[in-house]
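Q: First, the structure itself, so that you have it in front of you.
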Amino acid sequence: MNPVTDVHTLWTTAAEVPGRIPAPHIEYAQISPTLIVFGAAIVGVLIEAFLPRRNRYTAQLLLSVVALAAAFAAVIGLAAGGFATTKAHLAAMGALAVDGPALFLQGTILLVSLVAVFTFAERRLDPAAHGKRVDSFAAQAAAVPGGAAEQAAVKAGFATTEVFPILLFAVGGMLIFPAANDLLTLFVALEVFSLPLYILCALARRKRLLSQEAALKYFLLGAFSSAFLLFGIALLYGYAGTVTYAGIAEVVADGAKQIDPALAGTMGNDALLLIGGALALMGLLFKVGAVPFHMWTPDVYQGAPTPVTGFMAAATKVAAFGALLRLLYVVLPGMRWDWRPVMWGVAIVTMLGGAIVAITQSDIKRLLAYSSIAHAGFILAGVLATTRDGISSVLFYLAAYSFVTLGAFAVVTLVRDAGGEATQLSKWAGLGRRSPLVAAVFAVFLLAFAGIPLTSGFAGKFAVFKAAAQSGAGWLVVIGVLSSAIAAFFYIRVIVLMFFHEPKADGPTVAVPSPLTTTAIAIGVVVTLVLGLAPQYFLDLAGQAGTFVR
Amino acid sequence: MENLIALLIAAPLVGAALLLCGGKRLDRTGHWIGTLLAVASFAVAAVLFTDMLGRTADDRALHQHLFTWIPVGGFHADLAFQLDQLSMTFVLLITGVGSLIHLYSVGYMAHDERRRRFFGYLNLFLAAMLLLVLADNYLLLYVGWEGVGLASYLLIGFWQHKPSAATAAKKAFLVNRVGDVGLSIAIMLLFTTFGTFAFGPVLDAAGTATSAGEGKLTAIALLLLLAACGKSAQVPLQSWLGDAMEGPTPVSALIHAATMVTAGVYLITRSGTVFDAAPAAQTAVVVVGAVTLLFGAIVGCAKDDIKKALAGSTMSQIGYMILAAGLGPIGYAFAIMHLVTHGFFKAGLFLGAGSVMHGMNDEVDMRRYGGLRKHMPVTFVTFGLGYLAIIGFPGLSGFFSKDKIIEAAFAKGGTEGWILGGAALLGAAITAFYMTRVMLMTFFGEKRWDPDEVHPHESPKTMTIPMIILAFGSVFAGGLFSVNEAFVHWLEPVTSLAHGHPPLGATATTAATVVVLLLGVAAAWLMYGRKPVPVTAPRGSVLTRAARRDLLQDDFNHVVLVRGGTHLTDTLVRLDHTLVDGAVTGTAVAMGGLSGCLRRLQNGFVRSYAAQMVGGAAVLVAVTLLMRGV
């Protein structure tokens, strides 16, 4: 008997014998990373309520850093305790998996978030307003842009320190997402991390209307895709009579064994399985930004405050691909022949679409958004391998890619003119002459995006393509390499623009950041180079983490 | 112990990173940091050396495997080191002479405002050179090979504000590329032939010569020779070395005399079994060596620029080493021995030249020197000892190593042996001539400089101490190496050894060497010691004029390669514009157009985004269902 069916029967019979509900058995230690982050988020909310305004920034920053570091330590502890390999199992009544991929992805998400917190806390880039240092976020989110209330808030030196607990809530949701082992937990996790992201997107200090528009678009489309996902979940439940991954997989593999009388009419109906599976996949493809569900990406990436964009682009992708992997490898391996052709198509149009449309972009944030779409396609190629190597290569790619992305967006926050960040590509002309170091660092990230050897991008791309080729997807790899070539064009174009063009007279200046952003960028560069120079150790690590518990 | 190997490279590499990225705050201390790290590397080398001496001869090689960079099938790009007797010899030479030259540079570059950068490049060079000789496979050797090329380029053009220096750096880089292409193709061929890059398996397999035919090995060996010619400035790729003297003098001493230019000799010696299995390629090697040793010597006779005269000499001495290496097992050990002794005395001579220039307001024309021995006693004595060593004065370092090469050349046997031996002997005579000329023009005779403008003086301690130490090496190294043939036996496990028998016997050969040496010195004394040296150079004979122009090497290159090359590239460019660019630009335009169309889908309206999502979902579901149907 699997635990959730237990719950299910208990639930339907609960009205008769209320006294017999047992307390759910929760392995607190094994899900401690998530609990730490959520606990810290709640403390963060209390800080907002009780601490005086002047102390909040320091307290929130400290709390977030400590919580994320502690959660990361907990992940390491669990992995060292063997939960990544031999002791992998399902915790919390089968709702959450504690296994190699989950721990690897959680570790990645936590590290990425830790670095993201640094960029969130940066307060030296914008010129001080009324004698107070300000960050990238609106003084008071509720104030109408340009209105009197906003001016008053700016003058009073308010700061939206709520971003830290909001970030922590999002991180908590992301930690559950790749570990979720039944469809309901999956859905709840999705909402838990999506809602905070919508809010964060709306909080830009500059260009607030653009920011709010982005948040609204993200919210509307996100809600729309959630509806698809939920509908897909309902259909899958109708098909299998259960929402647990293992339960559905069993039904897919062997057909319905015990037919629940209430579901006798639908159970084992393949149409439900196929439609439900496709819709559930769609919900996840939306989150990873795969074509044709990618439309939100450029608009939201451009409008959101850049630190949020960096966090979102890095951490969301990790979490969503983690969930996608688990869904495909644990729930639907039995129907591989059904979903593989479709996903092939999605991977191809995603790689090509992202790379081609990026060519004509004129805004650096939009460019990076399309680049992230193309990368989603490359990662999908690894996902499609349906082998152990496929899993480990995707895990490695996600870790490598997330740090490059975070670093690249952190650099974007530095290049500024009178209107805030100068994201127009034309303004970046000749940046290499004015600020060689910043331009060189950005060039490293671009080369990593393009997949040039000795950067992490090459190692990651090589790993996913190798896994895909070994699983017989030769054509997919050919198309992937061609897309890479197209993509290389626009990455190199930015490098050419920075180093080989004359600087413009009214060009942007490069702000000198505090150690926070410097640390974030430095970590990005170091990870990019280390994973590029000596990828084997980390590939092995990802390889050890490459088995899902069922 | 083997874990220390990486430390050898790490120390200067860290130094380079610190100095090049550290910014202005290191301006005041940077040169000492660089020197310290070079010395640290030498200290590690000394520890490893003592440890190596403590083991038996067959058990001396150490291996350190750091990691494999992406293994794919049979392709293993390993970051792994091998420290055997041959590598150890180089490591000691590189770090030892390198440390001395760092120290010398502290004084020499004291007034240069880009001093920190200079030391950063020097450290970078040390790291790359050590990587080159410590690599345990050809691929990693190639990394070091390119690394030293880069450092050499940066240092030749260090005074980039001088157009001549910038041009010289570019020239060195381009000529070296020709050799590098040879090396890269050779490595590819090695991989396709033997399936690995590692020295051990490749060289064993080449020795047994079962898996590869002689033709293929000859091709590989010739390509390796091309690489060696580029890096070691051998005919026909010799043209860059003279111009490379535009770099600061410590650079000329370290890179363009003692270490980097000998990388070609290392490559040939290391690949010994490949060459042994390809006799035709070996003949090519000895021809290159013999031609270059005469070529360099003749050029050295005509130059009035003290550094260029020494550069000609370097070329000639490396010619000796290449010649010896081409002789096979009877020559390898002597090639390396001459390489080490040459490292001492040539570095010493260059440092002496630098010291002279330092005292003479950077004047390099020997016709404006004269009588400097009284003004710079230390420089005079150390330079003089280096001079005696290089001409092969009995008892000094050069005598032992050069004499052995001449013997080995005669021992090659037959007409070939007579020709090679004769060339080597003739080279020795010319060496004695041009080095005596340098000595006489610089330190003897009357003053040809204006005492009101130039005030020759001895250099500071940081410069003279390295010169003194190197002078000791120039005097004693050869003798020490020859006690019981210690050096030869030390290298024997790596290079294998065969004793050659010169047709006239060893004593006669030695006697002949001493006689031609005296003849050379006498001729120089007659021309430059007995009568005053004119301040402006006389017109000279046709040969002299040709030699001043480096035996017309640049004219030859210009007519044959540059003009021919220009025609070829013009044609290719035209083809490229019409055919290739047509296709490429066409694709690019098509992509751009497609991009412009697709971009319109992104119109900013949420409603159309949502509609597209619905469409996408419909397609997803439909295809999934269809797939089941099919």
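Backbone N, Cα and C atoms are what each Cβ position is placed from, and that goes for glycine too.
According to TrEMBL, the record shows the following:
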DOMAIN    B:69-119  domain 'NADH-Ubiquinone oxidoreductase (complex I) chain 5 N-terminal'
DOMAIN    B:135-420  domain 'NADH:quinone oxidoreductase/Mrp antiporter transmembrane'
TRANSMEM  B:33-54  transmembrane segment
TRANSMEM  B:89-106  transmembrane segment
TRANSMEM  B:118-135  transmembrane segment
TRANSMEM  B:141-160  transmembrane segment
TRANSMEM  B:181-199  transmembrane segment
TRANSMEM  B:280-302  transmembrane segment
TRANSMEM  B:318-337  transmembrane segment
TRANSMEM  B:343-360  transmembrane segment
TRANSMEM  B:380-400  transmembrane segment
TRANSMEM  B:465-484  transmembrane segment
TRANSMEM  B:504-528  transmembrane segment
TRANSMEM  B:609-627  transmembrane segment
Q: Let me spell it out: take the transmembrane segment (B:343-360), skip the flanking residues so only those 6+ beyond its ends count, and list any with a Cβ under 8 Å from a Cβ in it.
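A: For the transmembrane segment (B:343-360), the far contacts come to 93, 97, 100-101, 104, 108, 249-250, 252-254, 257-259, 262, 306-307, 310, 313-314, 317, 368-369, 372, 375-376, 379, 382-383, 385-387, 389-390, 397-398, 442, 449, 454-459, 463-464, 466-467, 470-471, 473-474, 477.
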Q: Counting only residues 6 or more past its boundaries, what in the same chain has a CB within less than 8 Å of a CB in the transmembrane segment (B:181-199)?
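A: Result: 74-78, 80, 82, 136-140, 142, 145, 205-206, 211-212, 216, 219-220, 223-227, 230, 267, 270.
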Q: If I take every residue in the domain 'NADH-Ubiquinone oxidoreductase (complex I) chain 5 N-terminal' (B:69-119) and average their pLDDT values, what number comes out?
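A: Averaged over the domain 'NADH-Ubiquinone oxidoreductase (complex I) chain 5 N-terminal' (B:69-119), per-residue pLDDT gives 89.
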Q: Please indicate, using numbers and ranges, the residues of the same chain that are 6 or more beyond the transmembrane segment (B:89-106) and have a C-beta under 8 Å from a C-beta there.
A: 8, 31-32, 34-35, 38-39, 41-42, 45-46, 48-49, 83, 118-119, 122, 126, 129-130, 133-134, 248, 250, 253-254, 258-259, 266, 336, 339-340, 343-344, 347, 351, 354, 462-463, 465-467, 469-470, 490-491
Q: Excluding the flanking five residues on each side, which residues at least 6 beyond the ends of the transmembrane segment (B:380-400) place their CB within less than 8 Å of a CB in that stretch?
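A: The answer is 313, 317, 337-338, 341-342, 344-346, 348-349, 351-353, 355-356, 372-373, 428, 431-432, 435-436, 438-439, 442-443, 464, 467-468, 470-471, 473-479, 481-482, 513-514, 517, 520-521.
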Q: Residue list, the transmembrane segment (B:465-484) vs rest of chain: Cβ under 8 Å, 6 or more residues beyond ends.
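A: Same-chain contacts beyond the ends: 97, 100-101, 103-104, 337, 340-341, 344-345, 347-348, 351-352, 355, 378-379, 381-383, 385-386, 388-389, 395-401.
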Q: Which residues of the same chain, at least 6 past either end of the transmembrane segment (B:280-302), have a Cβ under 8 Å from a Cβ in it?
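A: For the transmembrane segment (B:280-302), the sequence-distant neighbours (Cβ-Cβ under 8 Å, at least 6 residues beyond its ends) are 217-218, 221-222, 225, 229, 233-235, 238, 242, 268, 308-328, 409, 412, 416, 419-420, 423-424, 426-427, 430-431, 433-435, 437, 540, 543-544, 547-548, 550-551.
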Q: Under the DSSP assignment, what numbers of helix, strand and coil residues are found in the domain 'NADH-Ubiquinone oxidoreductase (complex I) chain 5 N-terminal' (B:69-119)?
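A: The breakdown for the domain 'NADH-Ubiquinone oxidoreductase (complex I) chain 5 N-terminal' (B:69-119) reads 29 helix, 13 strand, 9 coil.
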